[in-house]
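**Q** Dropping the structure in here first, questions after.
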Amino acid sequence: MALQASNFVVWFALVLYVLGNVDEALAAGSSRGSPYRIDLAQYNQALLPRVRTILEAAEVAEDQYVPYFELLPEYRERLSGNFLIDGFARARDAARCLTCMSSSYLFLSFYNETIVSGQGNTERVWTFAKRICRLLGFKQYLCEGIVNLNGEVIEYVLRNRTPFPEPDDICQVFLQEQDCVRDGRSITEAALYRSVDISPRSGIRWELFASYEQSGSCARDDLPPRRASGTPLTIVHLTDIHYDPEYLVGVNADCNAEACCRTLPDLAPATSATAAGYWGDYRDCDTPWHAVVDVLEHIRQQHPKLDAIYFTGDIVHHFTWNTSIATNEVAMRQVFDLMKRTFPGVPLYPVLGNHESHPANLYAPHNVDAAYRTSYLYDFVAEQWADWLPIEDIRPTLAEGGYYTVRTPYGVRIIGLNNNPCFVHNFWLFYSLDYFMPQLQWLHDTLLEAEQADERVHILAHVPSYDDSCFIGWTREYRKIVERFAHIIAGQFNGHSHVDEFNLYYRRDDPSQAVSVAWNGGSTTTYTKLNPNYKVFQFDPVTFETWMYNLTEANLTPDRPPSWYRSYSFRNHYQLQDLSVRSLQRLVQQFAFSEQELRRYWQTKQKYADPLLQEGCTGTCLRNALCAIVRTEHDDERACQLLYDRAANVTATVSG
């Protein structure tokens with residue numbers, strides 16, 4: 001059984017990995033005319049013998065590794081144009097959905113022939129796996145790395161999961177953001193998951209909450225207190241460093257892989273146009289060490305009186321096919337040590353990013369076999385974080401799932417979540433769709449204790465719960481918790497997306513009423529097409545400012561440190577009286593009225609990065625930017641639609 005499972009695993013891991021990164025070459029091309037309709041069963045039946053020819057060949061020439069549709073002349077025109085898949089009416093990206101469903105079908109066919117029947121062998125199946133990876137558009141070294149890194153985990157998942165997954169089960173989770181869901185089936189059904197036990201509001205607590213909702217803003221005691229000096233509390237939000245120890249200045253940065261700017265196999269020599277910049281590169285590149293040092297040193301000099309630093313994860317690079325526990329730990333230790341030297345005596349509250357685990361994105365349930373648990377990482381960060389956190393007090397939850405709660409010297413309770421299990425590229429979701437539920441129940445219970453103690457809370461997490469790549473099983477329950485305890489949640493701080501954004505949480509039963517806000521720290525990495533940044537929050541009164549530098553200008557003078565500057569103050573930029581939920585709700589309504597104002601927001605969200613400003617954003621792009629602010633649950637567009645409906649009604653009234 002173990003041998004059979006391992007053969008299955010190799011292919012399965014590849015399909016899941018590449019579908020998260022499949023190239024736009026597989027996407028629909030021309031949109032002229034009515035879309036073609038593809039019958040999935042007929043397409044798969046036509047594809048199977050063509051793929052078999054390549055998989056079973058003694059040798060395969062490089063030019064034979066082409067996208068699936070190139071193997072089918074009768075489908076080439078349809079699949080290179082605008083098409084739909086029968087039975088998948090909701091699919092946002094028909095090409096990726098088709099690739100996922102067909103790849104799953106192909107594997108199951110070969111699995112039945114070579115594994116179940118006992119006719120295959122390990123070497124043959126590994127060859128199949130690598131060749132399928134190549135057909136999906138990836139380089140040989142990447143395919144080799146993904147096979148080697150992910151096989152054992154997927155083997156364990158499939159040996160222990162009941163029932164065995166169908167292609168639909170795989171694709172609707174891994175491609176949640178693309179709504180690759182067969183008609184009549186949906187991962188959005190609440191009955192599929194356990195729920196958090198939400199405590200009812202009672203007595204005076206409900207009265208306080210009702211008062212909070214009516215006022216639309218935080219009362220004075222809802223915020224962290226001033227320091228004894230009377231000056232505002234100052235907190236730096238730092239996130240997504242993505243340090244690459246092998247970053248090579250001047251190497252070809254157009255490597256056509258998931259990540260670039262280091263020496264890779266078969267990499268063409270650099271030209272003046274393709275050479276990786278000294279301070280980083282707008283292309284798919286992470287951060288050189290001297291740029292990591294520069295951002296921390298700049299923060300130290302520019303903000304000498306910090307009360308705390310919030311670090312929301314992702315130290316490790318994006319070369320996910322080339323990691324190990326040892327190299328990840330070296331990079332994390334190097335960055336944590338730098339933080340300790342640069343900010344002695346400053347409290348730092350860290351959480352884990354999805355890239356800290358090995359393999360990347362994989363955070364295991366705490367009750368699986370010991371060899372597969374993420375305990376090694378939790379033990380490592382317990383050692384590294386001991387200078388900042390009371391490790392013995394938080395060890396039980398840190399050891400179970402990498403999360404914790406502590407009370408700060410400035411009177412706020414920190415809740416540091418590990419919500420990386422919700423990331424849809426986490427293969428352990430195929431083992432259990434709700435194994436993270438104990439952490440969410442703990443979050444609720446911790447907030448309940450904070451409410452009873454009249455505490456105010458800051459929640460730190462890596463993956464924004466409102467992000468489409470956060471599995472809906474987590475998002476829905478987290479949203480319920482936020483709504484219940486919005487009156488004591490003074491701030492939410494996230495990373496992962498690399499952009500400078502915020503999000504409003506609306507009541508589930510009333511999409512016109514916002515109750516809480518979450519802020520994203522952006523990133524100090526330039527990956528991808530972005531300027532580096534960090535944020536400085538001040539409380540009482542609440543405001544924040546974003547600091548960054550322009551990468552194009554910085555790389556023109558590699559012999560000088562980048563010219564950091566304050567990009568904008570949020571309150572001043574949008575001329576807000578305060579950062580209350582009510583003020584922010586009025587702001588997003590203003591965005592719905594004015595494309596000009598919404599475009600200004602989009603520009604700050606993209607951190608004024610030159611490549612993205614050149615691309616621009618209009619129409620659907622701008623609407624998506626607004627909807628991303630007010631969507632707090634996958635596929636729930638009610639708040640966004642209401643904003644636009646109100647804007648249209650007002651416009652019609654004025655015109656009339």
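Including glycine, each Cβ sits where the backbone N, Cα and C put it.
Automatic prediction, not curation, is the source of TrEMBL annotations.
Remember, predicted model here, so these are calculated numbers, not experimental data.
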**Q** Do you know which of CYS255, CYS285 TrEMBL records in a disulfide with CYS261?
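**A** According to the record, the bonded cysteine is CYS285.
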**Q** In the structure shown, which of the disulfide-bonded residues CYS143, CYS260, CYS261, CYS621 has the fewest other Cβ atoms within 10 Å?
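**A** Checked CYS143, CYS260, CYS261, CYS621; of these disulfide-bonded residues, fewest Cβ neighbours within 10 Å: CYS621.
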**Q** In Å, rounded, how far does the Cα of CYS143 (disulfide bond) sit from the Cα of ASP314 (Zn(2+) 1 binding site)?
**A** 24
**Q** If you count CB neighbours within 10 Å, which one among the disulfide-bonded residues CYS133, CYS255, CYS470 has the smallest count?
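**A** Counting other Cβ atoms within 10 Å of each of the disulfide-bonded residues CYS133, CYS255, CYS470, the minimum falls on CYS255.
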**Q** Going by a 10 angstroms cut-off between Cβ atoms, which of the disulfide-bonded residues CYS285, CYS422, CYS617 has the sparsest surroundings?
**A** CYS617
**Q** Excluding ASP314, ASN354, HIS462, HIS496, which residues of the same chain place their Cβ within 8 Å of the centroid of the Cβ atoms of the recorded Zn(2+) 2 site?
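**A** The surrounding set, listed in chain order, is THR239, ASP240, THR312, GLY313, LEU352, GLY353, HIS355, ASN420, PHE423, VAL463, GLY495.
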